[in-house]
Amino acid sequence: MERGEAYGFSAAMSGTFLLSCLLFAAINRRQRGPYMDEAFHVPQAQAYCHGRFLQWDPMITTLPGLYLASVGVMKPAAWLFGWTGSVVCSAAMLRFINLLFSAGNFYLLYLLLRKIHPKNKAVSGFQRILSTLTLATFPTLYFFTFLYYTDTGSVFFTLFAYLMCLYGNHKTSALLGFCGFMFRQTNIVWTVFCAGNVVAEKLNEAWKTELQKKKDEKISSRRGSFSDLMRILRFLIKYLISLKNLVTLTALTWPYIMLVTVFFVFVFINDGIVVGDRSSHEACLHFPQLFYFLSFTVFFSFPHLLTPTKIRKFLLSLRKHPVQSSLIAVISLFLIWKFTYVHKYLLADNRHYTFYVWRKIFQRHELVKYILVPVYMFAGWSFADTLKSKSIFWILMYFVCLLAVTVPQKLLEFRYFILPFLIYRLNIPFLSLYRQLLELAFYIVVNAVTFYLFLNKTFQWPNSDEIQRFMW
């Protein structure tokens, strides 16, 4: 890291942490007690703080990674600073754990951007710092930095595992993946993603060799046609039925294979993925979740995805490939018709943005969900178009993981989109400085509005005396 870039990064990280601390203090003054899911997480962590490790709230659906990490930080800190009594594991101190994870996420995002986008004429150190600042303040993630939820720690260990994977430290990556799994079970998908990075790299090398032997065109020059897809599928089958290739891939990915095996053993013993309240977290084939994620991504990455040039290219693509476009539209309509689910929480809980998105858009008329298909198609096309710098095998691997982490979720919950969004955003090319600044400004505005609503626009339900707040 050059000296100027090091100073710039230190200033950005320090400034962000200082502002976060001020915001943290304001939130804890207004909301001293546990709020929403904190009502389950805080007492559970406090039980662990008092050594009651066999006590468990059956309403909690995740593994105890957050509570174990909290005790691992709070107990040494209490001994070092002489803290006693209720302050040691109070709601405020437990929330502060996520502020520390957030600082770690800032650093990890920067290191990942340095690894994925090495400095060259097109990418400056300032752009990397600016992108780091933008992603670190990504509204859906940044909001939960200030509450005692699993999201910030989950992102920390998953990003750390991804970074170690990119550096080839696969045993360390798998160990960090296990930590991420302990925060949220669905993070096992990102362990598969890390293994998939290794496999995709080997496949890409073999594919280039195959094309060179046949004196064919470059790997990306004809991507997209049906014949190319069939040719790639034939290559995949040929490559994966080779015992030598399978042994090589197994030798490279065995730490991830062991972790996935542990996951399946856990699912067998637990008789499912969820450890607590299963009635509200049923798995299903909710294919429209992919459409919601793509729309979410277009909204938060509009400087990258929603541009006049991309709209023109999309319309041209529809005109050039009418049969494929029509087929995609018909499949999308069918998936929406047969696989749309509406969770009871989505309709009942008016404290979340998703409640208002559903009521103001999807509940206006029964046909709205079908009318939005062209929007989903553009979102999907634009999303894939920004990934064209990656190899076809990396793209296939990422989309498999994206489907695995979104489709089984019955509840439309923006928090479930955080990790797939960050992985996507880390891997797309940098934009111009103007568009990067526009993206950061947009995030700042969204965060400002969200925190203003949370702190100042409280309300009460008719049958409750508790103060309710708007949140993600």
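Backbone N, Cα and C atoms are what each Cβ position is placed from, and that goes for glycine too.
TrEMBL annotations: computationally assigned, not manually curated.
Per TrEMBL, the feature transmembrane segment maps to 6-27, 60-81, 93-113, 125-149, 155-183, 246-269, 289-306, 327-347, 367-384, 391-408, 437-455.
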Sequence-remote partners of the transmembrane segment (327-347) [C-beta within less than 8 Å, at least six residues beyond its ends]: 280, 284-288, 291, 354-355, 358, 369-370, 373-374, 376-377, 410-412
Beyond the flanks of the transmembrane segment (125-149) by at least 6 residues, Cβ under 8 Å: 1-2, 4-5, 8-9, 12, 16, 20, 23-24, 27, 34-38, 41-42, 45, 66, 91, 94-95, 97-99, 101-102, 105-106, 109-110, 113-114, 117, 119, 155, 300, 414-415, 417-418, 421-422, 425-426, 430, 433, 436-437, 439-440, 443-444, 446-447, 450-451, 454, 471-472
Intrachain neighbours beyond the transmembrane segment (391-408), with Cβ under 8 angstroms and 6 or more residues off its ends: 186, 189-190, 192-193, 196-197, 199-200, 203-204, 207, 219-220, 223, 232, 283-287, 289-290, 292-293, 384, 416-417, 419-420, 423-424, 427
Contact ranking winner - 6-27, 93-113, 155-183, 289-306 against the transmembrane segment (60-81), Cβ under 8 Å: 155-183
Outside the transmembrane segment (6-27), six or more residues from its ends: residues with CB under 8 Å to it: 95-96, 99, 102-103, 106-107, 110, 125-126, 129, 132-133, 136-137, 145-146, 451, 454-455
Positions on the same chain near the transmembrane segment (155-183), where near means CB under 8 A and six or more residues out: 62-66, 68, 101, 104-105, 108-109, 111-112, 115-116, 141, 190-191, 193-194, 197-198, 252-253, 255-256, 258-259, 262-263, 418-419, 422-423
